[in-house]
Amino acid sequence: MSLLNDNLFSTIINHTPLVAIDLIIENEFKEILVGKRINRPARGFWFVPGGRIRKNESLIDAFSRVCQSEIDLAASINNAKFFGVYEHFYNDSFYGDEFSTHYVVLAYKILVDKNNIIPSFGQHNQYSWMNYSDLIKDDSVHDNTKAYFIK
């Protein structure tokens, strides 16, 4: 599956919602993995790892690809718990402030051994394991990530 050129992708972001998978990664100490985003939208905020589903990519394949690319983990969607469908609205996009971004997000929770995770630095410049109460209270954690833990 080839990636779209910037002109076409920006048109799509401007006119349609994107579908993505977010990974709620919990370790044996009940901590959640978050990364500090380096790209828009949500640049500078702590956010759970995730990624877009590509055209003609099955949900099973997308889940495996996102796990592999974000945290270097060979994982199956069959070993994850479906956490729900969420909507993320941003005032900006990957390309700037000219238009907003709308994501429909399928969230999945996976339990991992803390030592088996090797985060990728393509979308985040640092990572942290946070417990639930710290994550919810921290202003640098994006509200869309906090929404997974506030019922």
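Glycine is treated like the rest: Cβ placed from N, Cα and C.
Please treat TrEMBL annotations as automatic predictions, because they have not gone through curation.
Checking the candidates GLN123, GLN126 against TrEMBL: the one annotated together with GLY50, GLU70 at the Mg(2+) site is GLN123. Sequence-distant contacts (6 or more apart, same chain, Cβ under 8 Å) of GLN123 (Mg(2+) binding site) comprise GLY35, ARG37, ILE38, ASN39, PRO49, GLY51, GLU70. Each of the recorded positions GLU70, HIS124 was scored by how many other Cβ atoms lie within 10 Å of its Cβ, and the smallest score goes to HIS124. Between the CA atoms of HIS124 (site 'Critical for catalysis') and GLY50 (Mg(2+) binding site) there is a gap of 11 Å, rounded to the nearest whole number. Packing around GLY50 (Mg(2+) binding site) is summarised by its Cβ count: 21 other Cβ atoms lie within 10 angstroms of its Cβ, all protein chains included. Secondary structure at GLN123 (Mg(2+) binding site), as computed by DSSP, is coil.
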